[in-house]
Amino acid sequence: MDDIFTQCREGNAVAVRLWLDNTENDLNQGDDHGFSPLHWACREGRSNVVDMLIMRGARINVMNRGDDTPLHLAASHGHRDIVQKLIQFKADINAVNEHGNTPLHYACFWGHDTVAEDLVGNGALVSIANKYSETPIDKAKMPLREILKERAEKLGQNLTKIPYKDTFWKGTTRTRPRNGTLNKLAGIDFKQLSLSQKLNENQSGELWKGRWQGNDIVIKMLKIRDWTTRKSRDFNEEYPKLRIFSHPNVLPVLGACQSPPAPHPIVISHWMPYGSLYNVLHEGTNFVVDQMQAVKFAFDIARGMAFLHTLEPLIPRHHLNSRSIMIDEDMTARISMADVKFSFQCPGRMYAPAWVAPEALQKKPEEINRRSADMWSFAVLLWELVTREVPFADLSNMEIGMKVALEGLRPTIPPGISPHICKLMKICMNEDPAKRPKFDMIVPILEKMQDK
């Protein structure tokens, strides 16, 4: 079978759908020139493939090696329907490539009048100069030039030339496609890993930053007493199920390495510059999580969980809390598969009881409905996102576990929280597990909240 880039170029929707259904495939990977599948589908005008990729979570503002976004390519080739779709999904309309050109520069240069008018109507600036000091208006022929000027003035644009400068867009992070070869290699040669910095250590192991095959990664060393052949066999069986590349809100385990040759069994995953949601909310990173960002994170997490809940069987021993959610370079929240526990890791121990449903604290794992218990954990995350506080911060884990399970301890919703979020929190935290909603029911609710 041809590769995914060819299928997207040729608009082979059936093949693309089959490829997307395989959890080992990462739809945000790039080819040798940094073109993602979405770049190719937009360039060639393959509307149905574009729809499918966007619905599965393709990154809209991803850039190839020349810093072109999919909108640059759709605009240069005059695919009006795709341009409108990308705008609808919040494409950066004034994105600048390595020549300083915006999508509007190309629509004007190639004479795609309707596309150029659509872009201006949606906020594309007519007077941004590229590296060669040319604006989109300079690139347009008559009568388009006059139409765009008039349109821009009506919309309140200032027609004074905005000079090109490198730093103009440095506020926006450049999102590149990921290296597509990483999902092909499950077993890892320990000698190829370089460890640079120890990030953390706790009872279950050590966390290191390192590099592998030219990529920044996180290496998790598991401290396991009495490493036996049985445990080694379980490890080999369990970690490949955590290599889920096919959803943008799930962070896969890239691979693993046995002990020996490694000093401890290790799993590796992509390095996330912002760390976990817990770091972002409670440990003072550079950015502020306002209500809009909080809802966006909640939406990301709900989408990731809705996907994980479609898997049969469910991923066992996955605990949803703010430490097991990572924040990607483009501020996307991703559920970390490297935080799933292995069957031989302290069975029966609760690491973060503040996020655990009361019934899960009282009963054996096989006696509860895991999907409903996850929804409770999500409600605690919602509480944490809007209050920016650690749940039950003044109690020890032991006390939290006892009080939530036996004394009815619950997070209290402070005044001043948006009524929509308040209501959602309450339905997700229903005392009766059977009455809690499913994730696919709350994704559309959060999507509407984002648009408000």
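Keep in mind that glycine also has a Cβ here, set from the backbone N, Cα and C atoms.
The feature ATP binding site is assigned by Swiss-Prot to Asn200, Asn202, Ser204, His270, Met272, Asn279, Lys341, with similarity to another entry given as support. Within the same chain, the residues at least 6 positions away from Asn200 (ATP binding site) whose Cβ sits under 8 Å from its Cβ are Glu206, Leu207, listed in sequence order.
Annotated Mg(2+) binding site per Swiss-Prot: Asp339, in sequence order. Proximity of Asp339 (Mg(2+) binding site) to non-local residues of its own chain (separation of 6 or more, Cβ distance below 8 Å) is seen for His318, His319, Arg323, Ser324, given in sequence order.
Taken from Swiss-Prot, the feature domain 'Protein kinase' covers 193-446, and the record attributes it to sequence analysis.
Mapped onto DSSP helix, strand and coil, the repeat 'ANK 1' (2-30) counts 16 helix, 2 strand, 11 coil. The repeat 'ANK 1' annotation in Swiss-Prot covers 2-30 and rests on similarity to another entry.
Summarising the annotation, Swiss-Prot assigns repeat 'ANK 2' to 31-63. Same-chain neighbours of the repeat 'ANK 2' (31-63): 3-5, 7-13, 16-17, 20, 69-71, 73-74, 77, 79, 81-82, 85-86, 89-92, 95, 97, 172, 174-177, 180, 246-249, 303, 330, counting only residues six or more beyond its ends whose CB sits under 8 Å from a CB of the stretch.
According to Swiss-Prot, the feature repeat 'ANK 3' maps to 64-96. Over the repeat 'ANK 3' (64-96), the average per-residue pLDDT in this prediction is 95.
Look at Swiss-Prot and you will find 97-129 tagged as repeat 'ANK 4'.
Summarising the annotation, Swiss-Prot assigns repeat 'ANK 5' to 130-174. Residues 61, 63, 67, 92, 95-96, 99-102, 104-105, 107-109, 111, 113, 116-117, 120-121, 123-124, 329-330 of the same chain lie 6+ residues outside the repeat 'ANK 5' (130-174) yet bring a C-beta within less than 8 angstroms of a C-beta in it.
Taken from Swiss-Prot, the feature motif 'Nuclear localization signal' applies to 363-371.
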Do you know which of the binding-site residues His270, Lys341 has the most other C-beta atoms within 10 angstroms of its C-beta?
His270
Other than its close neighbours in sequence, what residues sit by the repeat 'ANK 1' (2-30), given a CB gap under 8 Å and a spacing of at least six beyond its ends?
36-38, 40-41, 43-44, 46, 48-49, 52-53, 56-59, 62, 64, 176-180, 183, 243-248, 252, 311
Assigned conformation of Lys341 (ATP binding site) - DSSP reduced to three states:
coil
Going by DSSP, is Asn279 (ATP binding site) sitting in a helix, a strand, or coil?
helix
